[in-house]
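J.: From TrEMBL, here are the annotated features:
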TRANSMEM  26-53  transmembrane segment
TRANSMEM  92-110  transmembrane segment
TRANSMEM  122-145  transmembrane segment
TRANSMEM  157-182  transmembrane segment
TRANSMEM  202-222  transmembrane segment
Amino acid sequence: MASMEEDGSVEEKDNNNKKRTKSAIAVAWLTFYNIAMTAGWLVLAMAMMRFYLQKATHKGLYKSIARTLKFFQTVALVEVGHCAIGIVRTSVIVTGVQVCSRIFMVWFITNSIKQIQNEESVILFLVVWTLTEITRYSFYTFNLLNHLPYFIKWARYNMFIIMYPLGVAGELLTIYAALPFVRKTGMLSMRLPNKYNISFDYYYFLIIVMLSYIPLFPQLFFHMLRQRRKVLLGEIIVEKDE
C-alpha cells in the first residue's frame with residue numbers, strides 16, 4: 001500500500017502535468033490566434049495598397065475593405081476573453097476599452113454613416129490601425145515562439161509614439177465629421193414620448209465619447225511610454241502573453 005507521502009507526490013505530479021498541458025494549449029492557441037490576426041491585417045494592408053495603386057484615390061477605399069475590416073476587428077473581442085480567463089495577464093478593463101472603442105468606430109460610426117466613409121480622417125485611422133496591428137500581432141507571435149527579432153521589438157515600442165496620436169486624431173476627426181449627419185437624421189436616437197419612456201440622443205452621446213478621449217488618451221499613452229522605457233532599457237523581460 002502506498003504511503004501518504006507517495007500519494008501526495010503522485011497528486012502533485014498530476015497537478016503539475018495538468019498545468020503544463022493547460023499552459024501548452026494556451027500557448028498553442030495564442031500562437032495560432034496571433035498568426036491569424038497578423039495575416040488578416042496584412043491582407044488589409046495589401047488590399048489598401050492595391051486599391052490606391054489602381055484608383056489613385058482614397059475615395060471608395062473603405063467600402064472595398066469594409067467586410068474584411070469588420071471581421072478582423074470584431075474577432076479581436078476574443079482578446080477580452082483571453083484576459084478574463086487568465087491566459088493573458090493584462091487588465092480586462094484596459095483591453096475591453098481598447099477593443100470596444102475600435103469596434104464602435106467601425107460598426108457605429110464609419111459603417112453606419114456612409115456619408116463620411118470617404119473622409120481623409122477615415123483613411124488616416126485605417127492606415128494607423130493596420131500598421132499598428134501588424135506590428136503588435138507580429139510581436140506577440142515571435143515572442144510566443146521565443147524568437148523575437150529586435151526590429152519588431154523596437155517597432156512595437158517606438159512606432160506608437162507617432163501612431164497613437166495620429167490614430168486618435170483620425171478617430172476624433174471622423175466622429176466630428178459624423179456629427180452633422182447624426183444631428184440631421186436623428187439616427188440611433190430615442191425621443192420622448194415612447195413606450196419605453198427613455199430618451200437617448202446619439203448626437204450628444206458622440207460628443208461625450210469625444211470628450212472621453214481627454215482622460216483616456218494620456219493614461220494609455222503614458223502607460224505605453226513606461227512599458228517602452230522598461231523593455232528597451234532591459235529593466236524587465238518582455239512577457240510572452242503581455
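The count begins at 1 with the first shown residue.
Note: Cβ is positioned from N, Cα and C throughout, glycine not excepted.
Since we're looking at a predicted model, the values are computed, not measured.
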J.: Using a Cβ-Cβ cut-off of under 8 Å, list the residues of the same chain that are 6+ residues beyond the ends of the transmembrane segment (122-145) and lie near it.
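T.: Distal contacts: 27, 30-31, 34-35, 37-38, 41-42, 44-45, 48, 58, 61-62, 65, 69, 73, 102, 105, 110, 116, 152-153, 155-156, 159-160, 163-164, 166-167, 169-171, 173-174, 238-242.
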J.: Using a Cβ cut-off under 8 Å, which residues of the same chain at least 6 positions beyond either end of the transmembrane segment (157-182) come close to it?
T.: 101, 105, 109-110, 113, 115-116, 119, 121-126, 128-129, 131-132, 135, 188-189, 202-203, 206-207, 209-210, 213, 217, 220-221, 224-225, 227-228, 231-232
